[in-house]
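Okay, so here's the structure we're looking at.
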Ligand SMILES: *Cc1c(COP(=O)(O)O)cnc(C)c1O
Ligand code: SF4
């Protein structure tokens, strides 16, 4: 719960907090040359990185960079953000639009993909560019924006749950988010708001006091789903950002993408669950990779996924075992994959 002092806006301090995350966002490393230099990595990685970055630009915020182990080309955090030559290969089954979402996009900023939940595309951008993401082919910058999307929900009816998605909805500033949440709160049918975001993990200073206040004040129940793939992504600053969210939200969950060379072993996944729980966050989904062109080198096949999941289920309490799932094009929900009986 918010204390009384936290309830009082402190303009000077709030402005500085807003400036800090904005600076960290703007100051993200975008040149492969600089990334390699700062991490003491071999020059031989430069040419393929520059070539692959032409398709999907590199973007690495400095707070995330600080958690990458220098001098290790195989670091699991580095692997998520460094463009490599393998991205340029083509593989059968890996396409630009693996979820066939382009058809579902009307340009209005609302995606009616799941029953009882509306997905509102709040912004097109992201603070970090994850090399395995299906967004690598569609940065979604053409969506109308949250105001138009809200107009549509107000006029055509809204479901119980509205999901703010993107891009990353926490790229909106606190004022815009506050206004968006307030408008959602006035739509009688809406009971829950859910925010899918990677920002608290990659730029933890984004979880400002003003953001917490907006979330704490609304009538709606709020669910935050963050996205971390490796236990080392959760350092002390991230843990306190997650705790700040936990204080004001109904639930904070995490989703992970199962990625070859990043988290495709039981020990890493178990340690991620433990680290999340220590920050009061529950593991929600463990996604199989969407087969997007340029990400085939991250693929972990479903059989291996099932084996890892079964090992995880044997070593952790049930509430620390995420659901193994994949998205099927056109499906009204995620497909949860049950492990084969041993
Ligand atoms: C899966 C997913 C959803 C909605 O599905 P739930 O099963 O209700 O969690 C919404 N947004 C994103 C980004 C998702 O991956
Ligand atoms: S949508 Fe999520 S996974 Fe994709 S690039 Fe943005 S932050 Fe990364």
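Count begins at 1; order follows the chain as displayed.
Every residue gets a Cβ built from N, Cα and C, even glycine.
Curation plays no part in TrEMBL annotations; they are all automatic predictions.
The feature domain 'Radical SAM core' is assigned by TrEMBL to 112-331. Sequence annotations record features per position, and here TrEMBL assigns [4Fe-4S] cluster binding site to 126, 130, 133. Sequence annotations record features per position, and here TrEMBL assigns N6-(pyridoxal phosphate)lysine to 334.
Where TrEMBL records a feature, it is marked here on the structure.
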| residue | record | DSSP (3 states) |
| --- | --- | --- |
| 126 | [4Fe-4S] cluster binding site | coil |
| 133 | [4Fe-4S] cluster binding site | coil |
| 334 | N6-(pyridoxal phosphate)lysine | coil |
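Per-residue confidence over the domain 'Radical SAM core' (112-331) averages out at a pLDDT of 93. Closest to residue 334 (N6-(pyridoxal phosphate)lysine) by Cα-Cα distance, out of the binding-site residues 126, 130, 133, is 133.
In sequence order, 80, 81, 198 constitute the residues six or more apart from residue 130 ([4Fe-4S] cluster binding site) in its chain with CB-CB distances below 8 Å.
Residues 334, taken from the recorded positions 126, 133, 334, are distinguished by a CB atom under 6 angstroms from ligand 1. All chains included, 20 other C-beta atoms sit within 10 angstroms of the C-beta of residue 126 ([4Fe-4S] cluster binding site).
Within 8 Å of the Cβ centroid of the [4Fe-4S] cluster site, not counting the listed residues 126, 130, 133, the chain contributes 128, 129, 131, 132, 135, 136, 198. Taking Cβ-Cβ distances under 8 Å and a sequence separation of 6 or more, the neighbours of residue 133 ([4Fe-4S] cluster binding site) in its chain are 126, 292, 295.
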